[in-house]
Amino acid sequence: IFLALSPLPSTIYTSSISSFSPILTLSSLFYLHWPFLQNIYRNNYYKYMMKGFLILYYMSTLFLLFPNLAFGSHNYGEALSKSFLFYEAQRSGYLPHDQRVQWRGNSGLNDGKASGVDLVGGYYDAGDNVKFGLPMAFTVTMMSWSIIEYGKQMSESGELSNAIDAIKWGTDYLLKAHPEPHVLYGEVGDGTTDHYCWQRPEDMTTSRAAYRIDPSRPGSDLAGETAAAMAAASIVFRNNNPAYAEELLTHAYQLFEFADKYRGKYDSSITVAQKYYRSVSGYADELLWAAAWLYKASNKQYYLNYLGENGDALGGTGWSMTEFGWDVKYAGVQTLAAKFLMQGNADNHAAVFEKYQEKAENFMCACLGKGNQNIHKSPGGLIFRQRWNNMQFVTSASFLATVYSDYLASAGKSLKCASGPVSPPELLDFAKSQVDYLLGDNPRATSYMVGYGNNYPRQVHHRGSSIVSVKVDPTFVSCRGGYATWFNRKANDPNLLTGAIVGGPDAYDNFADQRDNYEQTEPATYNNAPLIGVLARLHGGQSEYSQLLPVAIPQPKPDPEQKVTPAPASDIAIEQKETTSWVREGKTYYRYSAIVTNKSSKTLKNLKLSVSQLYGSLWGLSKYGDSYMFPAWINSLPAGKSLEFVYIHTANSPAVVSVSSYTLD
């Protein structure tokens, strides 16, 4: 195109081309060709073709002069691996001995203490140090859905164990946050005091107050999303940790009952969340979302009936959506309901589920630009919803398009859009185009995943990555001092936040890599969660099973087996004593201290304890399934040494603590 239409001698471009940058070259070409282009534009016949012509003209010129810049295939496996590293960088609490992101340290170790509950752990949501329950639960739900659909591909890529670990880090915290059937803690810390400071999590001096919902202060959206997260995660753990899966499902049942019985918006109860994670859509979508996941996890007719009987009243069959994310779940509900229908599970609710499917397909058509109400796209082809963290909608829409493409292919059907039928591969191509844009196939040739490719954001709006690691320089970083020393620093981050997906470009593909540009450079956990499924699907190629049939999630590759020693009483001693008690709201609480001593002459490893008749929270051990293990900060107990853990519960007698297994080295 360039050679044919250029009115200038080609020799003008062949001299010293290598000294030009692509941007400078294109700017020069535009200047040189402006009279030629004006003549074309003045001709009305060509006026309507001008926009497309300009794009073709300059893109072809760019690729002619710089053929090495042409977009190539991406290493989706590498991007998948790096996504899980981001979750390790977002961890709160005691970091495990196998932590791979070494610039992070322990943080938030007293979370929940002032409220008498253990809220240590979980994830920081984005670039701050607050633990927001609603987006964290959505993150867990979407990570779980990704594994449920594409666990086989993740296993083949060697990332399934990392994926399961990422989910469990979230669900362990969510279990702690639900100490009673009708009590759920939905936030630790608050955005106002946190945003006033710029500190790495290891130095936090901001408020760590805990906020909860209960029958007098309901939050159906928060409880519903947490129920969905636990139900979805229970499917992930069903084969490799059935006791843990059952525990998750039990909590999910309780939370759904709580959400449905005591209805209300969570941000009316936890008002400090309103400025940051306001529930604009209300709670109706989360009730349907939770019911869908509970049906999928339990196969109980009650939850299928709930979807069928409440679809109209709660908006699931009425709303055609153009977004899907931590706030608005309708498109996700509709996609799951469409799957149930294609599986033949709608029973006598088939007419209602057909309406769910119709709305699911409206969403897919809107993404493709082939519906009656389409999603806006940037000139470079990225779907665009809002200025702040638009990439969250890109990844979530790409995930729904990917799974729905596979559902349709498995059923031998096509998508019905206003402009005509769309084949499943075309829907998958849309998802791939969005992922490819994210990874660098865009007008800026910028990867919006930190650490992927050569050109990615270097000044991420993230406290931990922007401040020198506490392990490199343990000097305390003060609340306001962090802004002066680190936030305002016009230099690359000292710590690479590998795998983080930032907010991304604006509606015109523009992006400014600046730390204070939080709308574009701040990452979030819920950006990555849907993407891991799409990356696994693209990396694995065509699936070899029907996505409409039950899929058993593969076992993660096991560690080398270790010999487990029987537990003679002479090797380990456990002593418990009551240390204090108090009365709160008419209920008596008892605090117990338990000392575990290694009485053998060897090092004690792989300790597993059974704790029963515990009616409260426990600190100082890590819970794994139905057992308790060494805390994250130690992995062995030398001969003659002891460790202490404590618990608070409402019984005036100690819990029953016994040794399940261990090894001696």
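The count begins at 1 with the first shown residue.
Backbone N, Cα and C atoms are what each Cβ position is placed from, and that goes for glycine too.
Annotated range for transmembrane segment in TrEMBL, selecting from 12-32, 117-137, 327-347, 642-662: 12-32. Same-chain residues at least 6 positions away in sequence with a Cβ under 8 Å from that of Glu522 (active site) are, in sequence order, Ala126, Gly127, Asn389, Val460, His461, His462, Val502, Gly503. Scoring each of the active-site residues (His461, Asp513) by how many neighbouring Cβ atoms lie within 10 Å, the top position goes to His461.
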